[in-house]
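Chemist: As annotated in TrEMBL:
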- 1-37: region 'Disordered' (REGION)
- 62-81: transmembrane segment (TRANSMEM)
- 96-117: transmembrane segment (TRANSMEM)
- 138-156: transmembrane segment (TRANSMEM)
- 183-201: transmembrane segment (TRANSMEM)
- 213-235: transmembrane segment (TRANSMEM)
Amino acid sequence: MEGKEEDVRLGANRYSEHQPIGTAAQGGGADEKDYKEPPPAPFFEAGELTSWSFYRAGIAEFLATFLFLYISVLTVMGVVGNPSGSKCGTVGIQGIAWSFGGMIFVLVYCTAGISGGHINPAVTFGLFLARKLSLTRAVFYIVMQCLGAICGAGVVKGFQTTLYQGNGGGANSVAPGYTKGDGLGAEIVGTFVLVYTVFSATDAKRSARDSHVPILAPLPIGFAVFLVHLATIPITGTGLTNLIDTI
């Protein structure tokens, strides 16, 4: 019995793990990378203006933001417009959070291969600062996102004009008991959580070492939006530098 235990200890020392489970195999040398870091995007790329893929990506951002505002604002209107006040009559705060997070999950999944699935000027601006996309594309994305948000909110207003106008279109405001500084701090932290999750889920190193990361990327992004809404809806209604604040 003692001989068997000795063999186990010897084998464990001789064939120890070089790397934690879930990471890729080791490269050929100490300086060799097992991933390829994409080159920084040019600051201005005029050639994009003649590419169909550029405009297709903008259309994808427009459509995604349109659907996002349509579903989310319509959900908010259903909650604030409940005349009975019964918690069972509406989806409540958790339902609003699920609406935002679920739509982000679905829309990022649908548009990630076309435009990257930004659906938010904060994400677009953050990726631009990280040199993940050019100024040309960043400005175009933000313009299309704004137009999509306007159209999405406009459709909701057309469906529920009185309710929409009576509740300010679901625009966010600082809740009683909190200062504007509290609201600003909550929005800064919430937006950081979102953008940090986007960068983590799309990191080239993780994509190379964990092959399942690109497939699952929409899930943590949508879940981050859901969690942030749960935390900050009671404070500001949760904006995350989103377009619902200004529509």
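Heads up, the Cβ atoms here are built off N, Cα and C, so glycines get one too.
How buried are these features, and what lies next to them?
Modeler: Long-range contacts of the transmembrane segment (62-81) within the same chain, counting only residues at least 6 positions beyond its ends with a Cβ under 8 Å from a Cβ of the stretch, are 90-93, 95-96, 99-100, 103-104, 107, 110-111, 115, 117, 119, 144-149, 151-153, 155-156, 159-160, 163-164, 167, 169-170, 243-244, 247.
Within its own chain, the transmembrane segment (213-235) is flanked in space by residues 93-94, 96-98, 100-106, 108-109, 112, 117, 174-175, 178, 182-183, 186-187, 190, 193-194, 197-198, 200-203, 206-207, which lie at least six positions past its ends and keep a Cβ under 8 Å from the stretch.
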Chemist: Hey, which bits of the same chain come close to the transmembrane segment (183-201), Cβ under 8 Å, at least six residues off its ends?
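Modeler: For the transmembrane segment (183-201), the list is 120, 122-123, 126-127, 130, 174, 213, 216-217, 220-221, 224-225, 227-228, 231-232, 235-236, 238-241.
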